[in-house]
Amino acid sequence: MGNGLWFVGVIILGAAWGQVHDWTEQTDPWFLDGLGMDRMYWRDTNTGRLWLPNTPDPQKPPRGFLAPPDELNLTTASLPLLRWYEERFCFVLVTTAEFPRDPGQLLYIPKTYLLGRPPNASLPAPTTVEPTAQPPPAVAPLKGLLHNPTASVLLRSRAWVTFSAVPDPEALTFPRGDNVATASHPSGPRDTPPPRPPVGARRHPTTELDITHLHNASTTWLATRGLLRSPGRYVYFSPSASTWPVGIWTTGELVLGCDAALVRARYGREFMGLVISMHDSPPAEVMVVPAGQTLDRVGDPADENPPGALPGPPGGPRYRVFVLGSLTRADNGSALDALRRVGGYPEEGTNYAQFLSRAYAEFFSGDAGAEQGPRPPLFWRLTGLLATSGFAFVNAAHANGAVCLSDLLGFLAHSRALAGLAARGAAGCAADSVFFNVSVLDPTARLQLEARLQHLVAEILEREQSLALHALGYQLAFVLDSPSAYDAVAPSAAHLIDALYAEFLGGRVVTTPVVHRALFYASAVLRQPFLAGVPSAVQRERARRSLLIASALCTSDVAAATNADLRTALARADHQKTLFWLPDHFSPCAASLRFDLDESVFILDALAQATRSETPVEVLAQQTHGLASTLTRWAHYNALIRAFVPEASHRCGGQSANVEPRILVPITHNASYVVTHSPLPRGIGYKLTGVDVRRPLFLTYLTATCEGSTRDIESKRLVRTQNQRDLGLVGAVFMRYTPAGEVMSVLLVDTDNTQQQIAAGPTEGAPSVFSSDVPSTALLLFPNGTVIHLLAFDTQPVAAIAPGFLAASALGVVMITAALAGILKVLRTSVPFFWRRE
């Protein structure tokens, strides 16, 4: 290719990377395999013509910009002479896997363009001085094509011909945010640095971890060396091909994907490359480099002005952030604002926990429940915070040389939980298509850590009785994300949910943070098998029971209290000293089969329990509705219903009823009750009486059969039984609903003590979850499809008379009595003959 081309390649790579390469140079394997294929280079053996490449026609832009220069006068006759070199150009042959049948394209690229100079600029003079060896930089753009390991990928892109990854750079060039780093606050004004190991603190090997270390996880330090991936040489290639490849020292990767979205974050020393793509929005890319580094755009070589730097906010004291995307100022303003916010996250702190706390709060933001379907702006913000938390975690761990056990387990658990929420709640992913992986640990160390954690999980379940430790055991299984870990803790998790339900029926409080946390991870453990394929019969039965009990725990009062608790916690969290951890505020409603929590009656109940504040009523109502919608959206996994409640999604005649379930009650292993606002064409249907005609309720008993029928609900004061030992009510469900169409509760009758309460009827003055002061109707749903109206548990409306009205009425009676007495006295005086005796 000529000495000039070699000279340009040396200059470009020498300036960018010194004498240190972050890749291994390899010979093209096709060339080695094709040494014996020289006869195929003949284009036409009859006439003896040699193989010749195609060249672009200079008269047909835009590809004509890469045509051979006129001074070479390359023609069909002169091409075989191989006089292709021209001092001011680099020539490149681009072909496909069909080569040599596909002769390829011979392209010419101006050297001035590769050097980032104007087209008419003069080339630098050759130098005989060898470049000085320097320590490899953390980030170095690899300009040029010679020895570039991704040159073929770059050349196959359309970036130089017809495509621009950033059509509107001005839209993505924006001022720095209010909370980003400044000279006086190089880590951000709201940054709370992560804890550092005390001087002389011991670094524990993962193979020696025991339950004592779990008890003291916040003071147990693990050495970074050997635990996290050591920085390794890596070439990062922008998927949009909008900038030159970048040589970095990689430290790991975070990947989140599903059937509707893909997020990939590549971490390096002082570097992050984040790509967010969705089916419903154009892709976006964020690149973080050291403050003094610049990444140039790859553009059309025919442009009069050389491409400038990538767009983004101005550089800060530590980093410079570049933002790439096809959004323009004419596009959706909320999407552009979300991308700008994502571009500011890397400079807003160094503590991974702050970003995870903000991501949880973002999930419950005002627009979280505003609409159905994918919401790209919310997904970008959530995944931007999630990726930045990993960036902060890895950087802090390498900087401190150690990481505490609580931070390691917390980051792995919360990032996995948030990944699921972002995928299902913002991207619209099918629940069984979500995958997530954080590869920041050394592969060997990861295997050792997983083996040790698996052993600790078994030890916790065998020896410990503490609810907090059992919750930690379920969390460890959630972190391990392996079938063996889930199977090991599933029996304990199912027993815990049963125990919490017994406490709830007994009227005891089950709303402490440790209870919420235990319920969060126990529910996740029992629901997880459906992601790995078809669940076994035992797994399906456990999951169905956990879903039924979660629905029973989610009464209307609990739903309203959950809404109030979340609002209070979100208002209190400053994401600095007070963080918002969603598992500590987890509600059984989010793990239930209740999909009616965003209906108006529940919103009014939640508003009625709201404490007095200065928040305007309209804002409070919007927040309440957003939280309720998010809870409903969080719980509604269609794939989960198909896996664990298949009778509810069974198709008859190739079609399923287009009716949205409001509540599902899996009452046996193969039958469920479903509450809807419209009748279903199959199953045993009941129309609930005494309900507002504008919000009717229908109750249907479903199995896998397609027959349909209707029945009337039989009314009884109490359930009469012949056998006092076994009343036959265990397994039934007690359901209460109001005239407004609100289902207040669906309570499982799971023990003998519970069925005795139902048989005895309500006791006046004795509080019970089966009683209510609200006018309502009580039903008993049996596993065989029979439904009974329990008259004794009905609450009838009582006429409420105001005290003022009673006082006025009493005064009126007195006045009327006095008036009558006066009239009688007048009559006796005026008509004396009425009183004479004959």
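Using N, Cα and C of the backbone, Cβ positions are placed for all residues, glycine too.
Some features that Swiss-Prot has for this protein:
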CARBOHYD  N73  N-linked glycosylation site
CARBOHYD  N120  N-linked glycosylation site
CARBOHYD  N216  N-linked glycosylation site
CARBOHYD  N332  N-linked glycosylation site
CARBOHYD  N437  N-linked glycosylation site
CARBOHYD  N670  N-linked glycosylation site
CARBOHYD  N784  N-linked glycosylation site
REGION    174-204  region 'Disordered'
REGION    259-323  region 'Interaction with gL'
SIGNAL    1-18  signal peptide
TOPO_DOM  19-803  topological domain 'Virion surface'
TOPO_DOM  825-838  topological domain 'Intravirion'
TRANSMEM  804-824  transmembrane segment
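Structural mapping of features recorded in Swiss-Prot.
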residue	record	DSSP (3 states)
N73	N-linked glycosylation site	coil
N120	N-linked glycosylation site	coil
N216	N-linked glycosylation site	coil
N332	N-linked glycosylation site	coil
N437	N-linked glycosylation site	strand
N670	N-linked glycosylation site	coil
N784	N-linked glycosylation site	coil
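Taking only the Cα positions, the spacing between N73 (N-linked glycosylation site) and N216 (N-linked glycosylation site) is 78 angstrom.
Sequence-distant contacts (6 or more apart, same chain, Cβ under 8 Å) of N670 (N-linked glycosylation site) comprise E647, T703, A704. Using Cα positions, the member of the glycosylation sites N216, N437, N784 nearest to N120 (N-linked glycosylation site) is identified as N437. Listed glycosylation sites: N120, N216, N437. The one with the lowest count of other Cβ atoms within 10 Å of its Cβ is N120. Each residue in the region 'Interaction with gL' (259-323) has a pLDDT score, and their mean in this model is 88. Cα-Cα distances to N216 (N-linked glycosylation site) place none of the glycosylation sites N332, N437, N784 within 10 Å. The distance from the Cα of N332 (N-linked glycosylation site) to the Cα of N784 (N-linked glycosylation site) comes to 53 Å. For the region 'Disordered' (174-204), the DSSP counts in helix, strand and coil order read 0 helix, 1 strand, 30 coil. For the pair N437 (N-linked glycosylation site) and N784 (N-linked glycosylation site), the C-alpha distance works out to 44 angstrom.
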